[in-house]
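**Q** Mind looking over this structure? Questions follow.
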Ligand SMILES: Cc1cc2nc3c(=O)[nH]c(=O)nc-3n(C[C@H](O)[C@H](O)[C@H](O)COP(=O)(O)O)c2cc1C
């Protein structure tokens, strides 16, 4: 029960996705949270506040002016750990982005000092409207957390982006955000390293760098101090994350050593070169045929085996016996968690991973988008830290 004793205020507006809010209340309570629901007046026309009270086992609020409580908007946000607004209509998003406080929910938003997470839900045309996108960007810049809607069949029957994220995904986000992590520093490696064949050509691999960038961006949004050590990559973070470039195994090892200490969580997602030329050519090779000899390159994880870190996470990617290879890597490289994934993951937007833990536990995950996996892995890391190594 990772949310035990946490107080969550759930804001609900009048989207067709409102039925998912009931499931959100149930899941949050299952994790131990105390959930209070505050609705817009329009939302009460779609679902009765009584039903929310029946699921949350607490009163549900929507009236601003009552005889019983004069400062309800202030009372609601007192000692709240997180304010989750799901679903958020285009109307509500626009009001919050403009600082409007004309009902209980929007006034509570302005009165709150806790993190606010917004899960928009709307028709695809509404979502694509420039004014809505401007408001979303405004909210992000103001420090609100936005859980992007998904693509699919919408409540109105149309197909496109606008579907509220599934409750489980929202809960994972909330859990990851709420968990204390002020002392943690996250160093993520990503992309691929390379070795010269000659002055023009290189030996490298197909890693795209996508997952490391998603991991860095997600961790950054969750409040970690993040450093991304990035080799060659087809992707680059769009958030102001500290990025160090490192194109060979030596450069990557040096960059990691400069960044880590005993409070570091190191996620080694990069695909370093396994082999290098025994001797590279100092000129562009033009012969019809050449014979080259490859020798093992520096094994970065092995070099770091004896470093004292808070947590070391490695990745194992193979085309066969990948589970055995992962188990071997977990032990030999002194990892706390090894993410095992088949070779087809490389250059794909999806990943089907198995997580191996140092205590022998194993979690087989369903195939998912790398973006969702980034959040899932961070959540698993936080759970592992909380259960095995509680921070003082
Ligand atoms: C059945 C129904 C479903 C709706 N679904 C959405 C929706 O998913 N997203 C949205 O932005 N507006 C939706 N609307 C429109 C909003 O309810 C409307 O803009 C309303 O004024 C918003 O009020 P509120 O933000 O105060 O709840 C829906 C309306 C109806 C009648």
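Cβ coordinates are placed from backbone N, Cα and C, and glycine is handled just like the others.
Automatic, uncurated: that is what TrEMBL annotation is.
Sequence annotations record features per position, and here TrEMBL assigns active site, proton donor to 156. Positions annotated as CTP binding site by TrEMBL: 274, 284, 315, 329, 333. Per TrEMBL, the feature domain 'Flavoprotein' maps to 6-175. Among the features that TrEMBL reports, domain 'DNA/pantothenate metabolism flavoprotein C-terminal' is placed at 185-382. Annotation comment: TrEMBL describes 1-185 as region 'Phosphopantothenoylcysteine decarboxylase'. The annotation region 'Phosphopantothenate--cysteine ligase' is assigned in TrEMBL to 186-392.
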**Q** Grab the pLDDT values for the domain 'DNA/pantothenate metabolism flavoprotein C-terminal' (185-382) and give me their mean, rounded.
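**A** Reported value for the domain 'DNA/pantothenate metabolism flavoprotein C-terminal' (185-382) is a mean pLDDT of 92.
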**Q** Which of the recorded positions 156, 274, 284, 315, 329, 333 have a Cβ less than 6 Å from any atom of ligand 1?
**A** none
**Q** Taking 284, 329, 333 as the binding-site residues to compare, which has the smallest set of other Cβ atoms within 10 Å?
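**A** Taking 284, 329, 333 as the binding-site residues, the minimal 10 Å Cβ count falls on 284.
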**Q** Where the distance is taken from Cα to Cα, which of the binding-site residues 284, 329, 333 turns out closest to residue 156 (active site, proton donor)?
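**A** Of the binding-site residues 284, 329, 333, 329 has its Cα closest to that of residue 156 (active site, proton donor).
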**Q** Highest CB neighbour count within 10 A among the recorded positions 156, 274, 315?
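**A** Answer by Cβ density within 10 Å: 315.
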**Q** Taking 274, 284, 315, 329, 333 as the record's CTP-binding set, what's the max Cα pairwise distance in Å, rounded to a whole number?
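**A** The widest Cα-Cα gap among those binding residues is 37 Å.
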